[in-house]
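Participant: For reference, Swiss-Prot lists these features for the protein:
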type     : residues           : note
BINDING  : Y36, C56, C59, H60 : heme binding site
SIGNAL   : 1-35               : signal peptide
TRANSMEM : 286-305            : transmembrane segment
Amino acid sequence: MQTRNTFSWIREEITRSISVSLMIYIITWASISSAYPIFAQQNYENPREATGRIVCANCHLASKPVDIEVPQAVLPDTVFEAVVKIPYDMQLKQVLANGKKGALNVGAVLILPEGFELAPPDRISPEMKEKIGNLSFQNYRPNKKNILVIGPVPGQKYSEITFPILAPDPATNKDVHFLKYPIYVGGNRGRGQIYPDGSKSNNTVYNATAGGIISKILRKEKGGYEITIVDASNERQVIDIIPRGLELLVSEGESIKLDQPLTSNPNVGGFGQGDAEIVLQDPLRVQGLLFFLGSVVLAQIFLVLKKKQFEKVQLSEMNF
């Protein structure tokens, strides 16, 4: 009897642990995946629209700076660094999905020219691996190896993200040529304001959906508010739901207008995009340039020697 009770207790504990773990996973996934560039994979075939706008801006409404550093030129079949910088104040805290305050995460999407791709691990130097850290990059699509995404990752550790990039070789890829190419980047810090289905997150301002008098503000048990607005002209009631984590700007009995902010703006993050240019350099052209420069240097040396020889001849003639 005691053994049966023990097994029953173990079964209940295992079931409870699985349930709690599943709930944590669902909440975490919902609060993270819908707020970073990696989520665009599920909704957009290409992250860059025809207008040049990167689609991450559809969910991250605030504009913030982002920067990218790449070499001016690279040789074919070589590995180089593309460093994306996402600056922000490390002291800032954002509103999380559970209504609490937490640190900001960052994410980025890097759009390379056709043929450029993520460098394989065996081609990455130890120095570059140290800069990369524990980051794990993904292709935007299996057939789009030139578009890379990363995130969410801790912003305090990865406000600078180093992408290891392998340059293509026109000798093996006939679609690639020795030209100047553009590189586009988008980077965000913090959660988004709009979910892909168009609904708001709890990281944005909530406005009144009707004008009138606030007759009641109900604080919900699990956080958040229900604000009842009564239209004085027809006594129609409207209830606005405010999610947890937001600070109210209104109170009961107050008269408000349509679209008037009910909460303060909690967003401390934002999205930005930038671009850079890189030249895929022909090695023969480099060799030709070096040969030309060497020829110029030798010519200068010979001119100097010839001048000195001429001066010696003149000096000897003057002595006679």
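Count begins at 1; order follows the chain as displayed.
Glycine is treated like the rest: Cβ placed from N, Cα and C.
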Participant: Across all the protein chains here, work out how many other Cβ atoms are within 10 Å of the Cβ of C59 (heme binding site).
Facilitator: 22
Participant: How many other Cβ atoms sit within 10 Å of the Cβ of H60 (heme binding site)?
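Facilitator: Counting Cβ neighbours of H60 (heme binding site) within 10 Å gives 28.
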Participant: Let me check the 10 A CB neighbour count of C56 (heme binding site). How many other CB atoms are there?
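Facilitator: That number is 28.
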